[in-house]
Amino acid sequence: MSQWNQVQQLEIKFLEQVDQFYDDNFPMEIRHLLAQWIENQDWEAASNNETMATILLQNLLIQLDEQLGRVSKEKNLLLIHNLKRIRKVLQGKFHGNPMHVAVVISNCLREERRILAAANMPVQGPLEKSLQSSSVSERQRNVEHKVAAIKNSVQMTEQDTKYLEDLQDEFDYRYKTIQTMDQSDKNSAMMNQEVLTLQEMLNSLDFKRKEALSKMTQIIHETDLLMNNMLIEELQDWKRRQQIACIGGPLHNGLDQLQNCFTLLAESLFQLRRQLEKLEEQSTKMTYEGDPIPVQRIHMLERVTFLIYNLFKNSFVVERQPCMPTHPQRPLVLKTLIQFTVKLRLLIKLPELNYQVKVKASIDKNVSTLSNRRFVLCGTNVKAMSIEESSNGSLSVEFRHLQPKEMKSSAGGKGNEGCHMVTEELHSITFETQICLYGLTIDLETSSLPVVMISNVSQLPNAWASIIWYNVSTNDSQNLVFFNNPPPATLSQLLEVMSWQFSSYVGRGLNSDQLNMLAEKLTVQSSYSDGHLTWAKFCKEHLPGKSFTFWTWLEAILDLIKKHILPLWIDGYVMGFVSKEKERLLLKDKMPGTFLLRFSESHLGGITFTWVDHSENGEVRFHSVEPYNKGRLSALPFADILRDYKVIMAENVPENPLKYLYPDIPKDKAFGRHYSSQPCEVSRPTERGGKGYVPSVFIPISTIRSDSMEPHSPSDLLPMSPSVYAVLRENLSPTTIETAMKSPYSAE
């Protein structure tokens, strides 16, 4: 079943998450119509290869043209219209930057895999629960309701202000009419009645002025409460969700809703400000003893202006955190002299600001809080925000060509560029702009989440560990001295984040049994429900009896899965995280030939398989092959190894002992679709291949002593041609072959 078919079968709550990341950059119609073709392309590789990305973009447009031809025959007018529009948008948007479309599609496919993994997880972790609590959703609805109520109230005061203006104009007309009357007319009864009418109008005017000011005061008070008690809190929650999303958690959304709230509030405050200015004009034209406008207006205007300033300062956000396009799953880790992208948004979307707001990017602006190392940003670091910059019409700006470069030291020599950089050292990218609107000048500043600077990709794993630890441990977005004394993290949260690394990076998260194994490896506990873990234990101290840390071990496994066994992992056929003790408990009662796949605990980036069989006297035996690492798996796909694996036992003919994947899945049923070639058959030296050569293949072979219940050593993968193997069998005894093939490594 294709990935897209699996997505369509998800529950509605997961489908809503999928809906969030499909927009004009990559419309869902295209994902649906070209599902299989899209999934068959290597978009991730294309995101780092312009030539490949260009070809894929051209092929995508060709596929669209073919779909257009098909639907044209069906006379589906609506679909024809949409496809033509989509094709035009894609060609215009990505023609000059084909790698960007590869990044977009790669991210969408990866996010789909993460959501599928989350849907298959039986237990929701504490972090994800906190992000999706009902109280948060209820507050979102309350904020939107209150913003709408404030907008409606301001519309009402707009009508009050207009009524006051009309009432004052009528009063002014009547008053001037009296002033132009003859002296004799002024003493008439009609005149006295007119004076009484004017007095009533003045009383009404005074009442309406006080009423309007009272309503405006109430609106200002409600806006103040909404901003400080709910809206800013909602924004902070969004920023926290963004933090979690950066380290592989659920896709953060809600920014469009926040933009709507910020924009409506800004429009309401500016409208209220204009109403106060109109009241001032009215008071200037006509005032009287006890006039409330001169007394209250100045203070109210100050409060409205303060709220506008505060609203703008909070509306300037980093929509997409700094990330190198070459490592989309590792945001906030930047390499010197390598371009990265970052996107800013102003949540107050006013047409008057389009192309009028210029944003400047800098790094380590507050240098007093940092180490001795200093950086500058090369490339275009000043750009104007525009509505056209974003597909959803937000007022935003994206920097795509910034490069961090280390400055020379104060002594005049070169800095540390190219040398080892401390991956626990945090830096910050700052963005500044100035808003000039309706007579107000507002300086804005915001910063990215802390970033880690590296000079070599070999530093990426430890740098990423720092990013994980920081963002899981604190809500503070600017604690650049965090690693001076890093706090412990709760084990339950940390293991949840570990599962996210697998779901976001290799498409399938970890289940409770796998997480329990990791908990045992990190602590003496067999449960991950509580407890704390230190930063040193996670990333700095070696595992007991090993020469590497827990994180180094886990990162090597992620790399192994990504590069060599990804389809098997996504299908769920790799148990992976299981101890040798648990492995034997699982296999001991199974049919002979039952095996499982697990990651090596003693070899970095190694995977092994263990099978069970019975001796002649019925005793259960377990056999584990020496772990295969990336070097060996580069020579032969792992699925082919499982298919062709042979064991030589005493004088017996070599045979494949692997029959059933745990618990009882026939091996070919599990791995058949992943085999990359025909099964290897041993050839005789007299058989000839093309051009007179003897056919050559790689054969994975192990030997097991007949006089031992278990192998003394794990097996080795030998690149042996069939002809050589046949000659060995004819001229050497099984004992001699066994001795020659004996592995120098200790048992796994």
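Cβ atoms here come from the backbone N, Cα and C positions, even for glycine.
Bear in mind that the values here come from a model prediction, so they are computed numbers and not experimental data.
In TrEMBL, the coiled coil annotation falls on 262-289 of the listed ranges 178-205, 262-289, 318-345, 514-541.
Listed as Cβ neighbours of the coiled coil (262-289) (distance under 8 Å, sequence separation of 6 or more from its ends, same chain) are residues 147-148, 150-151, 154, 157-158, 161, 164-165, 168, 171-172, 202, 206, 209, 212-213, 216, 219-220, 223, 226-227, 231, 297, 300-301, 304-305, 307-308, 311-312, 314-315, 347-350, 438.
The average pLDDT computed for the coiled coil (262-289) is 93.
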